[in-house]
Amino acid sequence: MFVVYVFRGVLIHSTLGCLTICSLSCTVSSIPCWQLKQVREENRKVVENYTSERTMRKKYYNMVEDMKGKIRVFCRIRPMSRTEAAQGGAIAVGRLDDYSVTVETSRGPREFQFDRVFSGESSQEDVFQDTNRLIQSAIDGFNVCIFAYGQTGSGKTFTMVGDRDQRSPGIMPRAFNAVFDILQENATKFDFKVSVYMLELYNDRLQDLFVSGAEAQSRRVEIKRNRKGLVFAQGAETKEASSAGELFAMFQQACANRHNAATKMNVESSRSHLIIGIMVESRNLTNGSVSFGKLSLVDLAGSERAAKTGAKDDQLKEANSINKSLSALGDVISALSSDLPHIPYRNSKLTQIMQDSLGGNAKTLMVVNVSPSDCNLDETLTSLIYATRVKTITNIAQRNLESKEIAQLKEVRLIFFTLPFLFLQNVDKTPLLEDVMSGI
């Protein structure tokens, strides 16, 4: 026989004359063993139901916010690095559930909530899975932006680009495949045209990654907006792509021309912001309507502290430029989240090129990358607070769709404006032609 007695706050188990004493705050009572097990089972079910309901509530809340046009924010916690482990760093950041991050601070645990949270065990495929809907939106004629943010060495480039050998491709190469997979599925219903530009913002100067050397230095790339508020890079070379393989080859060329360097925080640290713009024009073969979508993929360089990265000379200049542009981005996010009448987009070329993605007409996803180590606790908290502000920003996504009649009128107008210049191009190209075509 098994009997439980409680006397003066002490729980006494009596089994065949054997006594086990446990501390318990309770009133004097006698509880049979089967009843105690039943209570424990009921408590376990209550906790499970509470956790499940809490997770579902967060999920539906995020869905409502997404329908309102709020920027979606994912958080990815990378695994502990060898350097952090060697320094004796302890894990201070963890995934509470699919939508929550908990951070152990000097004042106790602090919780942050996002649209999705990925732990160090999450794969590249797991992270990309929820972006397919956004890629479909770009093909449907929406302006879409996916960008990664975080301190240097937090895993942004791995998330966006992948590893060097592409054994674990990131969001960018996976997006290339997804775009052409969707186009192939709809080839009988639509006629598609895909074009792309690839830029880097290095030391506050936009450079075309399709060209290298002296030509890249001499080429002037400027940020412009069309009548619908869509940002584009005037002067940058735009190439057409007919397959995912062709697009990936262009991407490899661009990555080869991008500025990278080693720091104490990262073996291969990005010294510039990478901006890729994929434009998709689709013509409906049934009704003749034309839609124009743009998918912007941005790998931001990481915020740095010179004392930690050991940056000197040119690297220090690069770090200052990176921090200045990220500070300007922070000012824009702060102004948008506070509903201020003036948004300081013009304070940096980075904020200018992301103007339609932050507070504009884009469907935007931010992936904030953080380190789990307490060695980087200050930077992690800054990134998570920053991402929480981004989550409050509302964009007004609009589909860029034109009827068959409007599309035909534009074609006639294009011919009308460009025909006189074609006769002037026997000797050399007329620069004015490019200006006229970009304004139409």
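Each residue, glycine too, has its Cβ placed from N, Cα and C.
Some features that TrEMBL has for this protein:
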- 70-393: domain 'Kinesin motor' (DOMAIN)
- GLY150, GLN151, THR152, GLY153, SER154, GLY155, LYS156, THR157: ATP binding site (BINDING)
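Where TrEMBL records a feature, it is marked here on the structure.
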| residue | record | Cβ neighbours (10 Å) |
| --- | --- | --- |
| GLY150 | ATP binding site | 28 |
| GLN151 | ATP binding site | 24 |
| THR152 | ATP binding site | 25 |
| GLY153 | ATP binding site | 26 |
| SER154 | ATP binding site | 26 |
| GLY155 | ATP binding site | 23 |
| LYS156 | ATP binding site | 27 |
| THR157 | ATP binding site | 27 |
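Here the domain 'Kinesin motor' (70-393) returns a mean pLDDT of 87 for the predicted model.
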